[in-house]
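These notes are about the structure you will find just below.
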Amino acid sequence: MANMRKNHPLLKIINHSFIDLPAPSNISSWWNFGSLLGMCLVLQIATGLFLAMHYTADTTTAFSSVTHICRDVNYGWVIRYLHANGASMFFACLFLHVGRGLYYGSYMYLETWNIGVILLFTTMATAFMGYVLPWGQMSFWGATVITNLLSAIPYVGTDLVEWIWGGFSVDKATLTRFFAFHFILPFIITALVIVHLLFLHETGSSNPLGIDSDADKIPFHPYYTIKDILGVVVLLAVLSGLVLFSPDLLGDPDNYMPANPLNTPPHIKPEWYFLFAYAILRSIPNKLGGVVALAMSILILLFVPFLHTSKQRSMTFRPISQCLFWILVADLITLTWIGGQPVEHPFILIGQVASVLYFAIIIILMPLAGWLENYLMKW
């Protein structure tokens, strides 16, 4: 059996990736989120496939088809809420995974990091299109507001928006194409995940100390497979609790009203995992400036490896950088809160201060902290 595992053309790849893979002996539970994200992706594709069997991508029947899934399909409500709350768990794991990468200097593996940022972008696009599909009030107005942002692009903006809409407003054509993209993108994400793992296994995992771990490696199985199973059990327990006890906790009540182009909801807001970017968008009075800031809130991650000035890779022994990192986390939580608030005083000012601080920490303060720590260590 061992021979087959090591020699069979297909099993050999799985063996080198998940069984005999040499892994650092000291990686903590923060390294669990990669496997949890893989599990979330499989769960989303599986539940999404069953939902697609009963869903109709038509403006007149989309809302009714989702209601039909919840009421008439066997365990349809479980599948629907697993999919909706599974997306929330997916993004929670994504943000923790990116945060781990920032804290422990995983961004120094350039190719892996860049593919990861592309994955984050693609996942956000997929989730946005999925939010439009139930065709509730927030689905319709969210799609209208966010796609309309592209009209801020000089010269081609208006044409681009109408091209995406497939007409002069968000309508049947928009819903149909969003469903098509929402269905195909998870498979593109799966392909990108394979590339992400390919680049990761070229270098091997980093570790909490940020030092070379070639001298002390252990096999991935059984040590980290058991550790990953614990993470999966915890994640499934939290997800089950959400789905079975408060499935609408993270949703918006407005989405239980069918889309009405003649009635604008008092507060248009996306799902919680987009609120930080939405707050940055709203904090800039100029439309084009807001769109640029929105894009940069994620794209800035691509510049992080080039802004690394410290001679140590990880933040484990860098107290000043640690303080800045946790201020950044608090700032992102503040932005998430602001994104869900109405556009009025004092929320506008808090959002603007938090947005400036977000970019200042990453672009200015982190590199300065790295230099200062080098100086204090007499390097």
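Cβ atoms are placed via backbone N, Cα and C, with glycine included.
Here is what Swiss-Prot records for this protein:
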type	residues	note
TRANSMEM	33-53	transmembrane segment
TRANSMEM	77-98	transmembrane segment
BINDING	His83, His182	heme b b562 binding site
BINDING	His97, His196	heme b b566 binding site
TRANSMEM	113-133	transmembrane segment
TRANSMEM	178-198	transmembrane segment
BINDING	His201	ubiquinone binding site
TRANSMEM	226-246	transmembrane segment
TRANSMEM	288-308	transmembrane segment
TRANSMEM	320-340	transmembrane segment
TRANSMEM	347-367	transmembrane segment
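Closest to His97 (heme b b566 binding site) by Cα-Cα distance, out of the binding-site residues His83, His182, His201, is His201.
As a quick check, the transmembrane segment (320-340) and the transmembrane segment (288-308) miss the bar of 3 or more Cβ pairs under 8 A, pairs 6 or more apart, so the two do not touch. The transmembrane segment (77-98) shares the most Cβ pairs under 8 Å with 226-246, out of the stretches 113-133, 178-198, 226-246, 347-367. Stretch with the most C-beta contacts under 8 angstroms to the transmembrane segment (178-198), considering only 33-53, 113-133, 288-308, 347-367: 113-133. A Cα-Cα distance of 21 Å separates His182 (heme b b562 binding site) from His196 (heme b b566 binding site). Cα spacing between His196 (heme b b566 binding site) and His83 (heme b b562 binding site): 24 Å, rounded to the nearest whole number.
His83 (heme b b562 binding site) is 30 Å away from the residue listed as 'ubiquinone binding site' when you measure Cα to Cα. Of the listed binding-site residues His83, His97, His182, His196, His201, the Cβ environment within 10 Å is emptiest of other Cβ atoms at His201.
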